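Comments concern the structure below.
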Amino acid sequence: MLVRCYRGKLSVWAALCVLVLCWFYIFPVYRLPSDKEIVDEVLRQGQVWQKNQTGIDLYRKLLTECCDPQRMFAVTKENSPMGKVLWYDGEFFHSHTVNNETYALFVQDNPLQLPLKKCAVVGNGGVLRHSGCGRDIDQADFIMRCNLPPLSKEYVKDVGTRTHLVTANPSIIEKRFQNLLWSRKAFVDSMKVYGSSYIYMPAFSMKPGTDPSLRAYYALADSSSNLTMLFANPEFLRTVGKFWKARGVHGRRLSTGLFLVSLALGLCEEVTAYGFWPFSVGLDEQPVSHHYYDNILPYTWFHAMPEEFVQLWHLHKSGTLRMRVGRCPPQDGGS
Amino acid sequence: VRAPLHFSHAPLLWMLRRRMGYSDPSSGKDLLGNRSLCFIFICAFGLVTLLQQILYGKNYIKSAQQFSRLKGDETGNWTGPVNFSDDGSLKPARNGKKRYLDTYDGAYDYNSTACKELRQEIMDVKVLTMVKTSELFERWRNLQVCKWEQNKVETSNFKMSLSRCCNAPSFLFTTKRNTPAGTKLRYEVDTSGILPITTEIFKMFPDDMPYAKSQYKKCAVIGNGGIIKNSKCGKEIDSADFVFRCNIPPINEKYSADVGTKTDLVTINPSIITERFQKLEKWRRPFYEVLQNYENSSVVLPAFYNTRNTDVSFRVKYMLDDFDSQRGVFFFHPQYLLNVQRFWAVQGVRAKRLSSGLMLVTAALEMCEEVHLYGFWAFPMNPSGIFITHHYYDNVKPRPGFHAMPHEIFNFLHMHTRGIINVHTGQCR
């Protein structure tokens, strides 16, 4: 009986599955608020913001428990001795064993002077354009930027000039500097904008990213540049990814901005985030470009930017960090 | 004569054979059939070759020993059983001929009858394999007593034929003039490989050839042979107008007394960069520091030799630009190299690839009036029979069968006797 009618059983199961899928489509368990709702929410909140010391302390404690950013955020000689296996956080079962050659490239110990007082994490969102936040940003003690943004004259008013830590994605080196296989002058010259800051590269996250990152180190060292290269610790990146996944960020990978915000929450006493706005419409209903310097959209479904924004907005509402999404208030005086 | 089957495989093969219905019909009968005869021939050939090798090798070593004993006076502290005659200038030689054993060269004039005789002796050796190496060495040593003089007629003839075939003053390097953008450049070895000259590559070329015809009076080409060690030729080399070197040899204080420091052109083999500097994909400053040892010298790379060399060679140019170096970087024109190879093949130097030394000598012959060679010697012992290292700085042997060094050197010796180039193998003073 069972053997004879298996075809009939199969169709029944198939129909049931389709029904369940339809059910979930109509009544989703989890739904991201639409852009419009988020804009409304942000507008309702307005410029009101109250610092919440308990929230700050709580998050610092949570992050220290899960990820230990003070010790683990970079690959150092302390936390990655010779022979340590670094498991790539963006790959399945791929690792790099620290050997003589790579060990020499690591910094001795965490180079940041802790604790940091006022941190600014500058995203590259299009909202920064014409925001006039440059002076605001420059007043912070520690300024973090993402993915080697341009700091040319036309943007200074909006994004500031000082930098203490800037991340660089290996894919940028691959695209903009031909993997540093040919001329390296363009790369070294473009790095002069960042003064004597730290360059934070996820060298051990993706397989194709390792060689360009190491090459960036060699290029900077060859030209005796005063930038310091820090390689992101894959373990730190993985634990931070887990931390946010548990809080409802379902991207394949966190964006660099969120990594930096988590780092800042763990290290700084006061965090302000600028330029985090992943939507195509601004607060004033005007279209906003994706980055403040261009409008090249990223690969879809790689980062879950809106979800990340919602999380950050929760933190903003609870007073743990401050988000700047509109214009910065014009400051009095010339300071 | 079938190879015995391995135990574990035998039943399997047998089963296979059963299933396929195949069995070798001649398996039992083939006693002196085609295959077995062929096998015997191969064996015999191999055996004969081996025997030859052994016999020849033994002979070679024996002759060399004998040879060094006879020439005891040049080994310095080792006198051996040879009794010096009272003045030491004339001694009966082995085979009754006269031997000229002056302790300094230049005693005999170039055109004296004795020298003509000596030169004829070398010219009589038509091919390298005609005489024992020791015999050739002796003749070469005897020739050292004669002064070298340039033979104007021979030299101009030789230069004429060179300029007809190769034309270094306009085709030695790729320049903007001889390789316009858009040219499809054919590689020297990978003849199927074609490199279109894009504007990016075109920008790296010099505007025109930096060297004109017969621009320099006296040129020196420095080979890296171990023969140059303890030669004290540094001063003489530095006094030349133009100095060529091969494969970025070390010229630090340890060697400068022997090899000099002046360098105007140095070749780099991309394989050196690949091995010692990781193709310049990692650190670049160490390589730059190495190049800094050669003051004002230009760098020449065989970029279009094969496809693997191209990237590495271009990287050298990019690197020097990054470091704001004014050093010239040139790439050999593949067509020039092919022409030179063809030219020398006619002269009897047949090899997979000519050594970069020979390339430089060829270029120098067209660029200079007088060409002096130092450190070119491709035999395991120097003319007086003392074993020497392969290079003056190390003793790493090259891949066998790639270069035909002894043939090249033999060719140089001939050219020396014809008065075209001057090969220095002894000590300078």
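Heads up, residue numbers simply count up from 1 along the chain you see.
Placed from the backbone N, Cα and C atoms, the Cβ positions cover glycine too.
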Legend entry - Disulfide-linked residue for A:Cys119, taking TrEMBL as the record, within A:Cys5, A:Cys268: A:Cys268
Inset, instruction - Let me know how many other Cβ atoms fall within 10 Å of the Cβ of A:Cys119 (disulfide bond). - result: 25
Legend entry - Proximal but sequence-remote residues of the same chain as A:Cys268 (disulfide bond) (Cβ under 8 Å, at least 6 apart): A:Pro115, A:Leu116, A:Lys117, A:Lys118, A:Cys119, A:Phe142
